[in-house]
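Straight from Swiss-Prot, the features:
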{"type": "TOPO_DOM", "residues": "2-39", "note": "topological domain 'Cytoplasmic'"}
{"type": "LIPID", "residues": "Gly2", "note": "N-myristoyl glycine"}
{"type": "TRANSMEM", "residues": "40-60", "note": "transmembrane segment"}
{"type": "TRANSMEM", "residues": "89-109", "note": "transmembrane segment"}
{"type": "TOPO_DOM", "residues": "110-123", "note": "topological domain 'Cytoplasmic'"}
{"type": "TRANSMEM", "residues": "124-144", "note": "transmembrane segment"}
{"type": "TRANSMEM", "residues": "152-172", "note": "transmembrane segment"}
{"type": "TOPO_DOM", "residues": "173-197", "note": "topological domain 'Cytoplasmic'"}
{"type": "TRANSMEM", "residues": "198-218", "note": "transmembrane segment"}
{"type": "TRANSMEM", "residues": "232-252", "note": "transmembrane segment"}
{"type": "TOPO_DOM", "residues": "253-259", "note": "topological domain 'Cytoplasmic'"}
{"type": "TRANSMEM", "residues": "260-280", "note": "transmembrane segment"}
{"type": "TRANSMEM", "residues": "310-330", "note": "transmembrane segment"}
{"type": "TOPO_DOM", "residues": "331-387", "note": "topological domain 'Cytoplasmic'"}
{"type": "MOD_RES", "residues": "Ser351", "note": "phosphoserine"}
{"type": "MOD_RES", "residues": "Thr352", "note": "phosphothreonine"}
{"type": "MOD_RES", "residues": "Ser361", "note": "phosphoserine"}
{"type": "MOD_RES", "residues": "Ser364", "note": "phosphoserine"}
{"type": "TRANSMEM", "residues": "388-408", "note": "transmembrane segment"}
{"type": "TRANSMEM", "residues": "427-447", "note": "transmembrane segment"}
{"type": "TOPO_DOM", "residues": "448-453", "note": "topological domain 'Cytoplasmic'"}
Amino acid sequence: MGSVLGLCSMASWIPCLCGSAPCLLCRCCPSGNNSTVTRLIYALFLLVGVCVACVMLIPGMEEQLNKIPGFCENEKGVVPCNILVGYKAVYRLCFGLAMFYLLLSLLMIKVKSSSDPRAAVHNGFWFFKFAAAIAIIIGAFFIPEGTFTTVWFYVGMAGAFCFILIQLVLLIDFAHSWNESWVEKMEEGNSRCWYAALLSATALNYLLSLVAIVLFFVYYTHPASCSENKAFISVNMLLCIGASVMSILPKIQESQPRSGLLQSSVITVYTMYLTWSAMTNEPETNCNPSLLSIIGYNTTSTVPKEGQSVQWWHAQGIIGLILFLLCVFYSSIRTSNNSQVNKLTLTSDESTLIEDGGARSDGSLEDGDDVHRAVDNERDGVTYSYSFFHFMLFLASLYIMMTLTNWYRYEPSREMKSQWTAVWVKISSSWIGIVLYVWTLVAPLVLTNRDFD
């Protein structure tokens, strides 16, 4: 009897796996908007992929991965192939994830509403989509080595660079939303309390940035060397000061009354993180001490010796993973009314989301079964670009690939280590990020004929 009930329970999931409504999450949660639930499912699938990629790097997994035909053959370099199998496995797994999201991105170009037949693919058929993704990932493990890893290293670097910029855009959006929320509460009542909270958060961010700058100069520079690090730290410090001053200029405040130092402080902290991340990728070990050596432990060489495993888990990589998770899930649930950020992320403004969300009373809830269904709030128009969302997850897959492998590049004839290319990618992304933030401040003054409300 129990087995019959179990089969009946499993059968109730079939509409979720093959139907047009994403009820995978809704079975456990109250009914939600189709637009939000769908994005959360895609984000959770990417999170599962990240967890599997982390497992690939666990010591001992190379014995299982070596069983794949041709996966570790004809490799004669400084680093033994059995040490590199985790590195290669992450590349192939992330290649499969990236191709899955890229195909969906191309398929969803110019989808305008949920009435488009392609929207049913985006919002449903989960079993078939995930089965296709798994098939692509498995197939990626049988791609001949050749130049695959080298080519995909450069593709991953370009994609990770773009995703870092998207992280910055989402961070700008978060900072604006945070500031607006607290300013509104400050204006509604108990102004002293909220003003103190706003001031404390801003001061804390700037204090963290100042401490970071001091530590950078102490540990990542030397009087007679490390000139690149000195330049990176100094330039980014000056750029952050300039952006902070610009955010409170009278002209800027006149065009954007709610711009302020809180947003600038958040951008400053993120810029300091990118600066640190760039310096930790420098090939010269004297200008790139490990975190363990800084806190008092012995430093290990970037290039492993015979029989040693590669040190994958660096502090900046762990922080990078945390930022990645926050940004992906924030992009899945965000409903922003910041028009400049919405234009950059191809997302509708908050008013559209509210109007669509009100469609529940019009019978948009699925009738005729007891399964919780998502509310179709996109019948009149999508609330975000399906194509751009999948493209962002495509870039996120590449970012994860580079983060988990510490941006290392392996050349069989030589060794595996950090490259100056990775340093310049990260440091240039920090500069472009500050430029993007400054543009959100000055755009209303430059483009006076456009509405930025």
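The backbone N, Cα and C atoms fix where each Cβ goes, and this holds for glycine too.
If you take every residue in the topological domain 'Cytoplasmic' (331-387) and average the pLDDT, you get 55.
For the transmembrane segment (260-280), the residues of the chain that approach it from at least six positions outside its boundaries are 164, 167-168, 171-172, 174-176, 178-179, 182, 198, 201-202, 205-206, 208-209, 212-213, 216, 220, 229, 232-233, 236, 239-240, 243-244, 247-248, 287-288, 314-316, 319-320, 323, 422-424, 426-427, 429-430, 433-434, 437, judged by C-beta separation under 8 angstroms. Within the same chain, residues 179, 182-183, 186, 229-230, 233, 237, 240, 260-262, 265-266, 268-269, 271-273, 275-276, 279 sit at least 6 positions outside the transmembrane segment (198-218) and bring their C-beta atoms closer than 8 Å to a C-beta of that stretch.
Within its own chain, the transmembrane segment (388-408) has Cβ neighbours under 8 Å at 39, 42-43, 46, 49-50, 53-54, 57, 87, 90-91, 94-95, 97-98, 101-102, 104-105, 108, 152, 155-160, 162-164, 166, 281, 310, 312, 314, 317, 320-321, 324, 328, 331, 345-346, 416-419, 422, counting only residues six or more beyond its boundaries.
Each of 89-109, 232-252, 427-447 was scored by its Cβ pairs under 8 Å to the transmembrane segment (152-172), and the highest score goes to 427-447. The list of residues near the transmembrane segment (89-109) in space but at least 6 beyond its ends in sequence, with Cβ under 8 angstroms from a Cβ of it, reads 42, 46, 49, 52-53, 56-57, 61, 65, 118, 121-122, 129, 132-133, 136-141, 143, 148-149, 152-153, 156, 159, 386-388, 390-391, 393-394, 397-398, 400-401, 404-405. Counting residues of the topological domain 'Cytoplasmic' (110-123) by DSSP class, helix then strand then coil, yields 7 helix, 0 strand, 7 coil. Within its own chain, the topological domain 'Cytoplasmic' (253-259) has Cβ neighbours under 8 Å at 176, 179-180, 183, 247, 441, 444-445, 452, counting only residues six or more beyond its boundaries.
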